[in-house]
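Asks: Got a structure here, written out as structure tokens. Questions coming.
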Amino acid sequence: MPKKKPFSAGRVPLILFLCQIVSALDVPLDHGGKAKLLDDLVQPPTITQQSPKDYIIDPRENIVIQCEAKGKPPPSFSWTRNGTHFDIDKDPLVTMKPGSGTLVINIMSDGKAETYEGIYQCTARNERGAAISNNIVVRPSRSPLWTKERLEPITLRNGQSLVLPCRPPVGLPPAIIFWMDNSFQRLPQSERVSQGLNGDLYFSNVLPEDTREDYICYARFNHTQTIQQKQPISLKVISVDELNDTIAANLSDTEFYGAKPSKERPPTFLTPEGNESLKEELRGNVLSLECIAEGLPTPIIYWIKEDGTLPVNRTFYRNFKKTLQITQVSEADSGNYQCIAKNTLGAVHHTISVTVKAAPYWIVAPQNLVLSPGENGTLICRANGNPKPRIGWLTNGVPIEIAPDDPSRKIDGDTIIFSNVQERSSAVYQCNASNEYGYLLANAFVNVLAEPPRILTSANTLYQVIANRPALLDCAFFGSPRPTIEWFKGTRGSALHEDIYVLHDNGTLEIPVAQKDSTGTYTCVARNKLGMAKNEVHLEIKDPTRIIKQPEYAVVQRGSKVSFECKVKHDHTLIPTIMWLKDNGELPNDERFSIDKDHLVVTDVSDDDGGTYTCAANTTLDRVSASAVLRVVAPPPTPAPIYDVPNPPFDLELTNQLDKSVQLTWTPGDDNNSPITKFIIEYEDAMREAGIWHHQAEVSGTQTTAQLKLSPYVNYSFRVMAENSIGRSVPSEASEQYLTKAAEPDQNPTAVEGLGTEPDNLVITWKPLNGFESNGPGLQYKVSWRQKDGDDEWTSVVVANVSKYIVSGTPTFVPYLIKVQSLNDVGFAPEPAAVMGHSGEDLPMVAPGNVRVNVVNSTLAEVHWDPVPLKSVRGHLQGYRIYYWKAQGSSKRNRRHIEKKILTFQGSKTHGMLPGLQPYSHYTLNVRVVNGKGEGPASTDRGFHTPEGVPSAPSSLKIVNPTLDSLTLEWDPPSHPNGILTEYTLKYQPINSTHELGPLVDLKIPANKTRWTLKNLNFSTRYKFYFYAQTSVGSGSQITEEAITTVDEGKLAGILPPDVGAGKVRAVNPRISNLTAAAAETYANISWEYEGPEHVKFYVEYGVAGSKEEWRKANVNGSRSFFGLKGLMPGTAYKVRVGAEGASGFVSSEDVFETGPAMASRQVDIATQGWFIGLMCAVALLILILLIVCFIRRNKGGKYPVKEKEDAHADPEIQPMKEDDGTFGEYRDTSCALQPSNFIVLQ
């Protein structure tokens, strides 16, 4: 058998004709033209339309109480009012519509609505039973006036809370409340001011702007379209200052205390009251919970559900979250809801316990039964509610308990069971489910019929279905008992039972996926025990309609034209209708829209034309559509264009291709609102430098072609860039490649030179051509040379692509003419110009003669010599070089090697100055000529003496053996006497307790002395000493020292500390000693020794010796005992001294040093000599020992905070150097001198 299943709701649109319902076989009284087939059938009445249970009427209009029913034969109607029969014939104002039970009460002509208030019920009756309507409660609407009341003005202080009551009159239905002013403008509401559900107006706190005299509550009664108005309420909010003025005006001074401003306060609830409240709501209604709070600042309301969450899709907040609403409330929404009012001062909670009750609602409503005699059936009436509803049965409008007995029925609670029914069992049953919140009333009939099958579907109905879609063949039927249905295909086919068919309970045959072979004739057969009926229908399967070319998304500018295409393919037996829609509506009635075959064309597009355009193809069986969006955009606005660099050019094309030129053509890109000023053309040589682009040419921005000059044998590609005032575009795509023909080179190498590296060769060099300049394959060079002053022919050789050629066997330093010419496989470049070069140099052969020395002063000498013949130089004359050295005494121990110094004088000079000489010394010198190869032989040595100079400071000064009235001085002679010492000068003076200097004593001491005792001094007195040596030239640098005589123990017994005893000198002042300078060419390292307090800041002062310029000062970083002087002049004598900053400042003795000459060369590299390496190791060891000793002395030395004042003494006279013509050479010092213990080299 074919499968059977209930008819799916999802297939309802596909049903062409369905009549029967599975659970109730109804007599189809309204089956159109086919009702004639059932004219002889009877059916109990059924109520089809009635007025609502709670029927509120407008008292100004006629009352219409509806009651419509159907049945066979047609039913008659009667009414009850308030439970008793309502005789409409006795009331001339009441009429019943013909063929209907609807009452019309004409109160407009005469009568009052209140007269007809009551409970009405309609009964529809025929021979098979009686159906009844609900109880219809008829009440006229009421819109009463407000009662008269006197409303006193309200005066509040700023910040207080307020509730303005509305209390509207009770109307039917209840009024809608709102607050307005005299101008009928709604009063603004906010989190601070809002209207409650009861209509009152709540102020959480009042503000001065709330002051007004027209707070008016309005009640609108929608049923009667009337609005009632309450008396206006006046509110005045005064500030504290105003309130104080009012109090002061009405009270005496003794009574007046003054009003205080409203303090901020935590929230409290205005409604509801207390901490808890109850709320009851009916199932299906909207649950509304309200919490309004007062406080300052204005509280904010929050809602939560205890032990649960608020339903997401049914929860809404109203009235600034003061009202919580839950729609379609059910029993599951019962529970405790908590509202929380919160401000900055605190929070308050209120719990609302919600209980959801329910009026009765259907679980299973009773359904009509059509049974044949002897069959069984049931009527089920099942409802639910809270509390549980009571179920009551009626038959034909009479309680079943008092109705006539029927042996075929049995009542079992909410179910009536029928067995072996007969025709007399036909009746209408009413089920009433009720509880305290309402009731449900349902009519269901039992109709007992004995009828053979009848097919209601028209014979030979043609069904046309699109392939691959479901096909539904209808077989509407009726019969009692209920017939069985079978389907057959063709005239001789068997019953359909394949899995591809589905037989629905209403008789419809479904082919889920109809194919072409489903076409044919189908027969429906209906059978029951009383007979059989059949009907034939026909099925045709059609090809689906398809859109094979769909319209496409388009973006067009305003004012332009757009076209949409839509091509349709369909079954040849169906005629499609093509329709164009815009935004699912008809196209605008505008001549700009035209349809031409498969196209929709819109001209002069405007902004309103934007939207979705749909092409819909309709046949009688199917409909297909396709849509596209039209987006209308405006052109870039002229007043505010967007400026940018140009778009790159495109469509590059090469024409007029010649050997050395080509024409390039291109199409400019968009200039982006800034005119193109020029085009830049670049080329690439794909043969030699692929990927590297070079500048070719520039043309005006108005040109789109350029004639380009080309080089031979280059595989060219070109690209173009456009430039405007904003900038340069990205490059265009590269053009096609163009390989030019090879040609002879058109240029020769550059930078041709001839210079020998040996006395017998000539090295010819040049800058070779690059690949681009070669003009062809096989690049080579022809190198030619000959002597400049001879008659020799050119000698030539062809070399590969190199940059050098060496000619051997040449005479020494002879001028040559040289040429280098390019050539390739095609030919030679033009004849090159000759350049001059020289073969290699050799050492000069002759020494300078007639060397003369003129001693200028003790540190400067001038040397003269005769030039050598140029031919003897055998090279480029670079200058003359003087070697000079100081003779060493044979009596010195550890005699070092002779330290030679070198000065070079550039060019052809024949004299020069020797600076920085040692006074009172014997020097020897010689002169040599220099060329590019090196030095020539030396001239005969020439010796000279420097005169005496001033000596350096004595090497040391010590004060020993102090007594009460004497001090002994010991010293070492100057390290550089610079002549014969004639005497020493000692100057000393006392210093009193206020650090003032006493009279200065000058004492001369013979030169052969190294010790001197001063007597007759004051006891316990501090003295300062100044000591220096003298030669016949003048005084040298001084050394200073301080000491005190011992104390008279008889007078100062017990005062001196234990460690101060007789015979010991106390260093009472800080001291700087052993000042030394190690000089180089442009810098000098200054070091010294210091005794005294720690954390002293030193400075170094220096200047040119013998000059009158001011001392230059340099600060020493920290308390270091060394410093580097930079930026000194070579070969110059400098004076230097070291001082300390602060109130107790003191200065060391001066020292004089010389910087080295400007340049030294061709010296012996002593760094590789064994003796020098050993000496440096000894120096390093000595420095380490001295550093350790210095550290120990510094930690153990005495610290005496004694302020020192010194008078500056004149520097020793130093003879200035006599500069004849300012000729000084370049100097280099080959000496290596030992430095003092505390030093560091700063460069």
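Each residue, glycine too, has its Cβ placed from N, Cα and C.
No curator has checked TrEMBL annotations; they are predicted automatically.
What TrEMBL records for this protein is below:
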{"type": "SIGNAL", "residues": "1-24", "note": "signal peptide"}
{"type": "DOMAIN", "residues": "45-133", "note": "domain 'Ig-like'"}
{"type": "DOMAIN", "residues": "140-234", "note": "domain 'Ig-like'"}
{"type": "DOMAIN", "residues": "266-355", "note": "domain 'Ig-like'"}
{"type": "DOMAIN", "residues": "360-447", "note": "domain 'Ig-like'"}
{"type": "DOMAIN", "residues": "453-540", "note": "domain 'Ig-like'"}
{"type": "DOMAIN", "residues": "544-625", "note": "domain 'Ig-like'"}
{"type": "DOMAIN", "residues": "648-743", "note": "domain 'Fibronectin type-III'"}
{"type": "DOMAIN", "residues": "745-842", "note": "domain 'Fibronectin type-III'"}
{"type": "DOMAIN", "residues": "847-949", "note": "domain 'Fibronectin type-III'"}
{"type": "DOMAIN", "residues": "953-1050", "note": "domain 'Fibronectin type-III'"}
{"type": "DOMAIN", "residues": "1066-1158", "note": "domain 'Fibronectin type-III'"}
{"type": "TRANSMEM", "residues": "1171-1192", "note": "transmembrane segment"}
{"type": "REGION", "residues": "1202-1221", "note": "region 'Disordered'"}
Asks: Summarise the domain 'Ig-like' (453-540) as counts of helix, strand and coil residues per DSSP.
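Replies: Helix, strand, coil within the domain 'Ig-like' (453-540): 3 helix, 48 strand, 37 coil.
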Asks: Quick one: find which recorded stretch in 140-234, 360-447, 953-1050 has the most Cβ pairs under 8 Å with the domain 'Ig-like' (45-133).
Replies: 360-447
Asks: Determine how many residues of the domain 'Ig-like' (266-355) DSSP places in helix, in strand and in coil.
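Replies: Reading the DSSP string over the domain 'Ig-like' (266-355) gives 3 helix, 55 strand, 32 coil.
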Asks: Looking only at the domain 'Fibronectin type-III' (1066-1158), what are its DSSP counts of helix, strand and coil residues?
Replies: 0 helix, 45 strand, 48 coil
Asks: Between 0 and 100, where does the mean pLDDT of the domain 'Ig-like' (544-625) sit?
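Replies: The answer is 92, the mean pLDDT of the model over that range.
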